[in-house]
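> Before anything else, here's the structure in question.
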Amino acid sequence: MSFLKSVLNDSVIIHPPGFYIIAFPTLPFISVYIIFLAFVYVVTVMFNCLVIFTITSNRCLHTAKFLAVVNLAVIDVILNTSTIPAMIKIFLFKDNFVPFNLCLVQMFVYYSFGTLESFALAVLAYDRLIAICFPLRQNSINTLRSMSCIVGLCWCFALSICAFSVIIMTRLSFCNSLNVFSYFCDYTPVFRLACNDYTLQWFVASVLTFLILGGPFGFIFLSYIIILVTVFGMKSIDSRVKALGTCVEHLIIVAIFYIPLITIFSISFYMKYTDPDRSLLSLSLASCVPPCINPIVYSLKTKEIRTRTLALVRKYKLSTDQYRKACLRVLAITVCLECKVANDR
């Protein structure tokens with residue numbers, strides 16, 4: 001096997017041609033799980049693209065709240081695209097080799113958009129906080145411009161820290177096993193294969209995990225404490241119910257994203273032994289299922305999106321019916337002309 005060697009800080013850095021992804025080696029019914037993932041991916045792309053198209057094509061939905069929803073939908077599509085097609089390719093073509101540079105690219109994309117997913121939920125919590133706690137000043141505080149700035153800062157921060165964490169992986173030498181026991185080029189399983197010191201990579205992974213999950217979750221938790229204090233300070237029960245009703249869809253997607261991840265990390269931390277296949281299965285479900293469910297929740301629970309989506313469907317159906325009728329008219333005219341020509345002959 002040929003290796004690419006480069007010199008960094010007077011030490012030889014050995015980069016392999018690539019890695020072999022070893023995912024679910026002993027998991028029964030793996031074909032059923034791959035079919036399920038294919039279904040999840042199709043639903044993710046279809047529903048998120050529907051949400052994006054519905055919001056971008058209706059000017060009345062060009063508000064701060066729906067900018068945050070579009071941001072989440074874009075992140076969901078890219079997040080699942082970074083892993084599911086590769087998993088399906090490994091199963092269908094039995095090709096589990098990933099070139100070194102492509103492995104780093106997949107690592108960067110997955111963790112960047114996983115980070116952005118967590119931040120996007122915090123941005124939506126901010127939108128609910130302003131809408132409920134400052135209803136009279138909402139339009140002046142939470143403007144489209146301010147929301148664009150917040151979303152842009154989240155993207156810059158997430159891409160920067162993930163780029164740094166991936167760049168330092170190039171300082172590691174890989175001279176032993178190249179088998180990555182995960183369902184993609186995962187950060188921790190890859191740096192553990194290194195034959196030189198990976199303390200820096202371990203430290204960055206630990207700090208960023210706490211920052212990416214704990215930071216946004218803490219902000220969401222504090223936001224809802226403030227929201228509850230504000231809601232229970234309202235005199236009218238109807239106003240309380242209405243205010244809390246606007247938070248339902250956000251609470252659902254927060255629970256879908258954070259509860260499985262917190263449960264998985266807690267079990268792996270406190271239990272001495274866990275089945276590797278079950279851990280990988282749980283982690284893959286925790287990362288692949290939320291992007292599939294998020295657009296469905298927002299489509300069903302958000303009245304504006306639901307109404308506009310139904311209007312688009314009716315418009316498409318009406319245009320299809322009109323096109324069909326026009327085709328039938330043309331066909332009927334053509335048949336009549338042919339019959340007239342035949343009679344004249």
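Here the Cβ of each residue, glycine as well, is placed from N, Cα and C on the backbone.
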> In TrEMBL, which of 279-300, 323-344 is tagged transmembrane segment?
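The listed stretch tagged transmembrane segment in TrEMBL is 279-300.
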> Between 0 and 100, where does the mean pLDDT of the domain 'G-protein coupled receptors family 1 profile' (47-298) sit?
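Across the domain 'G-protein coupled receptors family 1 profile' (47-298), the average pLDDT comes out at 90.
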